[in-house]
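J.: From Swiss-Prot, for reference:
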- 42, 47, 444: Ca(2+) binding site (BINDING)
- 65, 381: Fe(II)-heme a binding site (BINDING)
- 244, 293, 294: Cu cation binding site (BINDING)
- 248: O2 binding site (BINDING)
- 371, 372: Mg(2+) binding site (BINDING)
- 379: heme a3 binding site (BINDING)
- 19-39: transmembrane segment (TRANSMEM)
- 67-87: transmembrane segment (TRANSMEM)
- 104-124: transmembrane segment (TRANSMEM)
- 149-169: transmembrane segment (TRANSMEM)
- 187-207: transmembrane segment (TRANSMEM)
- 238-258: transmembrane segment (TRANSMEM)
- 270-290: transmembrane segment (TRANSMEM)
- 313-333: transmembrane segment (TRANSMEM)
- 341-361: transmembrane segment (TRANSMEM)
- 380-400: transmembrane segment (TRANSMEM)
- 417-437: transmembrane segment (TRANSMEM)
- 459-479: transmembrane segment (TRANSMEM)
């Protein structure tokens, strides 16, 4: 027991902490998925279904689903899990710059998760949506401690992310192997670096906003209360100044993972490496100056709306550069459709669809009609549920052999992909039609006219759950398998381009006994 505590509770090893993050992300992901299925069961038919007319509970489910998936599934798994596991290995460093800071970055998350879950259990729960807009989140509409607990949960996970990003930035700037210049950094490392900067710059703004909300609720300040000279729109500006970079935080590490996978399975180096790097940096910078496109309906000036429309559309340019570079990487390649590559190609296709609906919503005039309808839900679920999540699965299949030293079952992995692909598309594609027909978000009941597409959508979510079940069967079979994984399972001969394939599978507790030196390539 003592050894167990020493290794897992007090761990300062980046691989062990990465493993903890991945397990934590899986647990939170299952909980978030359960909530989403409850939502789809309620919406399967018109009228009150499983929640018996408790509309507050429906909103609590919506809120908890969003928080779980964003802050406790995608971020811990992508940045904390794959980031911790592979950034030090990819840059040839013995560990992270601040190993004990790394430990507390992880251990702040379970208490944060407990606070979030308790917020759903006290009083009537926090039914404010993940945006926590006042006045709905104010003390008059949500008396009791539920919103306060959700705010504390956000504070805690925010501190965790800020500490983690400081650690990543320091590690990547200071601990690269000799000869590994910034212009030779693997793309996944670049993506984590940009993500860390986004976190560092955006989370303090969220912290300020929710702290003001906390004092509005408990100490009678009026930051967001017009009666005392405050303004609820100020909260929206602060929240979305964080919230928009946040969606890029969720997807950027995925971009890095996909770049590695597409390159590996096309047997070609990534097309336009520098372009890929600068595209990611541009996305990071532009992500900070488009926040008000979430607020086209609050009465912004027409010139303000014109600016945010234009700026939002500019983001499509670096994103397009990335998409076309992935396609160019595959062009003329000798492509192998193993499971990671299937998820990567699925990612590229579905992320493009999500980006396309994003361009539609960027038009402020169109958005007036589509704001807060299911069209928006369809848009960001194509980007997240099929972008971020597919990137996570792709990264899992790509690296699980390296993490465990065991080979995953290829056929079952492909079955997992096809069931999930079918399920998520069946869930979210009909939502475009519902949104165009005017069905509003976050409402637990709807007119009979919307019944058909909602039935399809709910069926799709049940299919997705079968896919998730397949995934956990894959995890179980991998961990209990006898098939050892080669140091470089994807290489035809020794043509690895990144360091993680040059160390054993699994890597030793201390990866590099001496610093690797990176020489000029021919």
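Every residue number used here counts from 1 along the chain in the order it is shown.
A Cβ is built for glycine as well, from the same backbone N, Cα and C atoms used for every other residue.
What you are looking at is a predicted structure, and each value in this text was computed from that prediction instead of being measured.
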J.: Looking at the binding-site residues 42, 372, which one has the fewest other Cβ atoms within 10 Å of its own Cβ?
T.: 372
J.: Round to the nearest Å and give the CA-to-CA distance linking the residue listed as 'O2 binding site' with residue 42 (Ca(2+) binding site).
T.: 30
J.: Assess whether the transmembrane segment (187-207) lies in contact with the transmembrane segment (270-290), where contact requires at least three Cβ pairs under 8 Å among residues 6 or more apart in sequence.
T.: yes
J.: Please figure out which one of 149-169, 270-290, 341-361 racks up the most CB pairs under 8 Å against the transmembrane segment (104-124).
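T.: Maximum Cβ contact count belongs to 149-169.
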J.: Against which stretches of its own chain does the transmembrane segment (238-258) lie, if we need a Cβ under 8 Å and a gap of at least six residues from its ends?
T.: 70, 74-75, 78-79, 82-83, 131-133, 186-192, 194-195, 198-199, 201-203, 205-206, 208-209, 212, 280, 283-284, 287-288, 290-295, 322, 326, 344, 347-348, 351, 380, 383-384, 387-388, 390-392, 394-395, 398
J.: Quick check for the class: what is the C-alpha distance, in angstrom and rounded, between residue 294 (Cu cation binding site) and residue 65 (Fe(II)-heme a binding site)?
T.: 20
J.: Might you confirm whether the transmembrane segment (459-479) is in contact with the transmembrane segment (19-39), defined here as three or more C-beta pairs under 8 A between residues 6 or more apart in sequence?
T.: yes
J.: Same chain, outside the transmembrane segment (380-400) by at least 6, Cβ under 8 Å from its Cβ: which residues?
T.: 25, 69, 74, 77-78, 82, 85-86, 247, 250-251, 253-255, 257-258, 260-261, 264, 338-341, 343-344, 346-347, 350-351, 353-355, 357-358, 406, 408, 413, 416-417, 420, 424-425, 427-428, 431, 471, 478, 490, 500
J.: Please classify the secondary structure at residue 293 (Cu cation binding site) using three-state DSSP.
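T.: Its secondary structure by DSSP: helix.
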J.: Between the stretches 313-333, 417-437, 459-479, which wins on the count of C-beta pairs under 8 angstroms to the transmembrane segment (341-361)?
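T.: By the under-8 Å Cβ criterion, the transmembrane segment (341-361) pairs most with 313-333.
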J.: In sequence order, which residues at least six apart in the same chain have a CB under 8 Å from the CB of residue 379 (heme a3 binding site)?
T.: 354, 357, 358, 360, 361
J.: Just the number: how many Å between the Cα atoms of residue 42 (Ca(2+) binding site) and residue 381 (Fe(II)-heme a binding site)?
T.: 19
J.: Take the Cβ of residue 244 (Cu cation binding site) and count every other Cβ within 10 Å, whichever protein chain it belongs to.
T.: 23
J.: In the same chain, which residue numbers or ranges, 6 or more beyond the ends of the transmembrane segment (459-479), come under 8 angstroms Cβ to Cβ?
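T.: For the transmembrane segment (459-479), the sequence-distant neighbours (Cβ-Cβ under 8 Å, at least 6 residues beyond its ends) are 26, 30, 33, 36-37, 40, 393, 400, 404, 406-409, 412-413, 415-416, 419-420, 422-428, 430.
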J.: Using CB atoms and a 10 A radius, I'd like the single residue among the binding-site residues 47, 444 with the highest neighbour count.
T.: 444
